[in-house]
Amino acid sequence: MVKAVCVLRGDAKVAGTVTFEQESESAPTTITWDITGNDPNAERGFHIHTFGDNTNGCTSAGPHFNPHGKTHGAPTDAARHVGDLGNIKTDGQGNAKGSVQDSHVKLIGPHSVVGRTVVVHGGTDDLGKGGNEESLKTGNAGPRPACGVIGVAN
């Protein structure tokens with residue numbers, strides 16, 4: 001079992017943790033999040049970005065992690081970036097808690113997400129269905145109020 005954790009922080013009030021667990025290289029990864037400080041009753045883009053670099057805030061994280069050269073999509077789409085986690089849904093206080101299993105996200109192997117950055121966006125991810133070029137790259141998810149590097153956990 002490999003475990004990883006990401007502590008989300010940023011210029012905004014958005015903060016939280018994201019944990020990852022994977023039993024073996026062929027197993028799906030369980031991703032669990034507990035995030036506060038978002039707008040209430042909203043959907044916010046939630047992605048793994050390429051670089052574990054936050055020197056210039058969340059912008060330094062680069063584009064979505066996409067080792068297979070696909071277009072942006074929903075987590076359940078065949079054509080998607082590895083880093084496309086879709087949207088988190090917030091409650092009436094702006095908090096989001098949840099968990100999902102993802103067979104594209106790996107902690108083990110050549111396309112591991114360890115050392116990369118999780119970004120919570122300021123807008124809703126259109127899941128690549130926005131009908132424009134930016135939708136196929138970013139899902140038009142908007143600014144990056146919070147992010148954190150994924151690190152190996154005990």
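Each residue, glycine too, has its Cβ placed from N, Cα and C.
Residues or ranges marked as Cu cation binding site in Swiss-Prot (evidence: similarity to another entry): His47, His49, His64, His121. Within 10 Å of the C-beta of His121 (Cu cation binding site) we count 26 further C-beta atoms, all protein chains included.
Taken from Swiss-Prot, the feature region 'Disordered' applies to 122-143.
Look at Swiss-Prot and you will find 123-136 tagged as compositional bias 'Basic and acidic residues'. Counting residue by residue with DSSP, the compositional bias 'Basic and acidic residues' (123-136) contains 2 helix, 0 strand, 12 coil.
For Arg144 (substrate binding site), the same-chain residues that are 6 or more apart in sequence and have a Cβ closer than 8 Å to its Cβ are Gly10, Gly57, Cys58, Thr59, Ala61, Val119, Val120, His121, Gly122. For Arg144, the entry in Swiss-Prot reads substrate binding site, with the evidence type similarity to another entry.
Listed in sequence order, Ala61, Gly62, Pro63, His64, Phe65, Gly83, Arg116, Thr117, Val118, Val119, Cys147 are the same-chain residues six or more apart from His49 (Cu cation binding site) with CB atoms under 8 A from its CB. The most densely surrounded of the binding-site residues His47, His64 is His47 (count of other Cβ atoms within 10 A of its Cβ). Close to the recorded Cu cation site, the chain also has Gly45, Phe46, Ile48, Ala61, Pro63, Phe65, Gly83, Asp84, Val119, Thr138, Ala141, Arg144: residues not among His47, His49, His64, His121 whose Cβ is within 8 Å of the site's Cβ mean position.
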